[in-house]
Amino acid sequence: MGNAVLLHFLCGVLAVFSASLVNADDPYRYYTWTVTYGTVKLLDVPQQVILINGQFPGPRLDVVTNDNIILNLFNKLDQPFLLTWNGIKQRKNSWQDGVLGTNCPIPPNSNYTYKFQTKDQIGSFTYFPSTLFHKAAGGYGAINIYERPRIPIPFPVPDGDFTLLIGDWYKSSHKTLQAYLDSGRTLSFPDGVLINGQTYSTFSGDQGKTYMFRISNVGMSTSLNFRIQGHSMKLVEVEGSHTVQNMKNLTTTAILHYSNSRTPASGPLPAAPSYGFHGSMMQARTYRWNLTASAARPNPQGSYHYGKITPTKTIVLANSAPLINGKAVDSIESSPSGGAAFLSTSVMSANLHDFLEIVFQNDEITMQSWHLDGYDFWVIGYGNDQWTPAKRSLYNLDDALTRHTVQVYPKSWTAIYVSLDNQGMWNMRSAIWERQYLGQQFYLRVWTQVHSLANEYEIPPNALRCGKAIGIRS
């Protein structure tokens, strides 16, 4: 998940300016990345991490709406490797999504060239490894998509624009954590939190200026709060959607150092937020789509009136964590049946241009989180206890945010609307990586019998083949 906030400091600010790196005149951007292992001292312990071009986190992609990305990735690990572009819609192009349902992993000492477009998108996104448990070793980075020059943004141009990748971290290697899950056990609580790959970060900047922060949770499981003590933040974007701007006090720990200060930071750390899940849900309900703001195209964000469309069908998904053959395996069905879990091919069929109502039901006592590749969706409702059709009276059918990842509170439900206008095979998964690895994911097959390049591109000629696809040519 990626959020952008503007901060106006009367006496100081964090600053790293990057917007000037973007050149909107070139519609094609070429990259060559090499993935290797490296050793970095984290949480006071030297650890093996996954580097991209020698960097941890990986290189930041600063691009512009509708840029074409040509990225040649060389895998120098001892395991197959694959990157997914979290939040990038991959219009008509699930072949580049970077998950096992549509891509084969890149074998060791091999390469693959991704070719995709940041079509009609703007905002803060991330990439990370999608196979095995590589995400626990790094390999992640930021994708910042800037507006084209003629597309106005609904706030003054900030004095600076920089990115924070914040996430929980384990001291154990990704192979150890994977073996732990394969043995039927669950992961322990993480050992710490990293900010841009560091346990201790210092930022400095000028007084009295306003800066944009692009904040993404790149961790495995933990929900995180972000706050700067004694300052206010204005939420302006969530996962590519411009919001109705309101002031929020959000918590994590770094040092804010004023550029004209000559003394070290002092004083106690700020206390953690006092509100719990209920307060968080109430806050989430206050987020609103800015219906007067342009999106990646000149038309306003609210020009598509989602609340006036009758859903084609309703899907209710209830997460659970049963044991199958002594191993924890999460199960997903099109509607809760109450029956025993079983192993199967997790594909759900839908028609191109269906308009779905999807309800995520969480009967567990922990926070859950869901992501859908290839789309954004309207988050129309949150509620406690069991969802029933009567709960539709709580829906926001006017100005709900569009997102690609959404939280589901303990013993609660979350409802979304999604317009299936992007043909392909799309991964819907838990954003809690232990859950995703153990099977809490499936593929939404959005299909029509009409074969047309206007609906979906052909499989690329450089596509890797694995499993039953070995030897099959398109």
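In case you wondered, yes, glycine gets a Cβ from its N, Cα and C as well.
Taken from TrEMBL, the feature signal peptide applies to 1-24.
Annotated domain 'Plastocyanin-like' per TrEMBL: 35-148 (among others), in sequence order.
What TrEMBL lists as domain 'Plastocyanin-like' is 161-246 (among others). If you take every residue in the domain 'Plastocyanin-like' (161-246) and average the pLDDT, you get 88.
TrEMBL lists 338-449 (among others) with the feature domain 'Plastocyanin-like'.
Counted with DSSP, the domain 'Plastocyanin-like' (338-449) comes out as 12 helix, 54 strand, 46 coil.
Taken through DSSP, the domain 'Plastocyanin-like' (35-148) splits into 7 helix, 57 strand, 50 coil.
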